[in-house]
Amino acid sequence: MDPTAAQPSFRQQPNMRLRNSAGDGSDGMFEDTSGAGLGPQSGYRNQHAGPQAEGFPGQSLLSDPMSNLAMAYGSSLASQGREMVDKNLDRFIPISKLKYYFAVDTVYVGKKLGLLVFPYMHENWEVSYQQDTPVAPRFDVNAPDLYIPAMGFITYVLVAGLALGTQNKFSPELLGVQASSAFVWLVMEVLAVLLSLYLVTVNTDLTTIDLLAFSGYKYVGMIVGVVAGLLFGKPAYYLSLLWCCAAIFVFMIRTLRLKLLSEAAAEGRLVRGARNQLRMYLTMSIAAAQPIFMYWLTYHLVR
């Protein structure tokens, strides 16, 4: 047997194996494994990209550090502006002090209304103090408040609208004129009293809010007079208004004399001196102005 003839057949077997192995390698080498190799990573990315894709369009803008810095700067400017407005507003309208004038309860309102309608039996008119600070109105019936004047003004406007309706004269414009005129007269009254106190040079602890409260108590008598006139006619209006005018006059005299007159006059002793007489005249003038306003603002509502 020729050894050279068997040699090629002996060498072909490794070549066939190499082809088979190369064929297997080519199948694995050229197979598209991008989907399998990147499958977990793409799923991970899709999970994280999903909420951003579903979010609102400006989310990428809000995630910008410059946008966050601008928002923080804008909020700081807004807070500074709010503090500035509150400070300037408190200079003209002491909101912190207004809480004192609305610190009332049902018992106080009932007693105060009774005192405004019938002040003749009340003896102690001094405001109670606690550590040089007046107590809240709900603890002292003599303390001024703004709840009754505010509610009285609103109720007066509503009753005036009802009275105008009974006369077939109701209209929103006329009701607005009624409310604005009552408010203007109230402001003018307070300003006149402040000017008088300045001219007389009275050293008193009365504030503008106190004067506003005392001037607003007359709305209670005005409401009583108008309601009595609507229910029982014009004679009932005059009688009830006359009673309420006398009551508010006594109330104002006994309340303001402790604020405007000297300590000697407050204790009931004889008032002497030109300055004390001016204070007495001023007190009586303020008290006498209340019935005039009460009649002026209600006489046309009852026919």
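Cβ atoms are placed via backbone N, Cα and C, with glycine included.
Not measured: the values here are computed from a predicted model.
Feature list (source: TrEMBL):
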COMPBIAS  1-15  compositional bias 'Polar residues'
REGION    1-59  region 'Disordered'
TRANSMEM  146-165  transmembrane segment
TRANSMEM  177-199  transmembrane segment
TRANSMEM  211-231  transmembrane segment
TRANSMEM  237-257  transmembrane segment
TRANSMEM  278-297  transmembrane segment
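Pairs of Cβ atoms less than 8 Å apart link the transmembrane segment (146-165) most often to 211-231, out of 177-199, 211-231, 237-257, 278-297. Residues 153, 156-157, 160-161, 164, 206, 208, 211-212, 215-216, 260, 282, 285-286, 289, 293, 296-297 of the same chain sit 6 or more residues outside the transmembrane segment (177-199) yet have a Cβ under 8 Å from a Cβ within it. Listed as Cβ neighbours of the transmembrane segment (278-297) (distance under 8 Å, sequence separation of 6 or more from its ends, same chain) are residues 156, 181-182, 185, 189, 193, 196-197, 200, 202, 214-215, 218, 221-222, 225, 241, 244-246, 248-249, 252-253, 256-257, 260-262, 265, 271.
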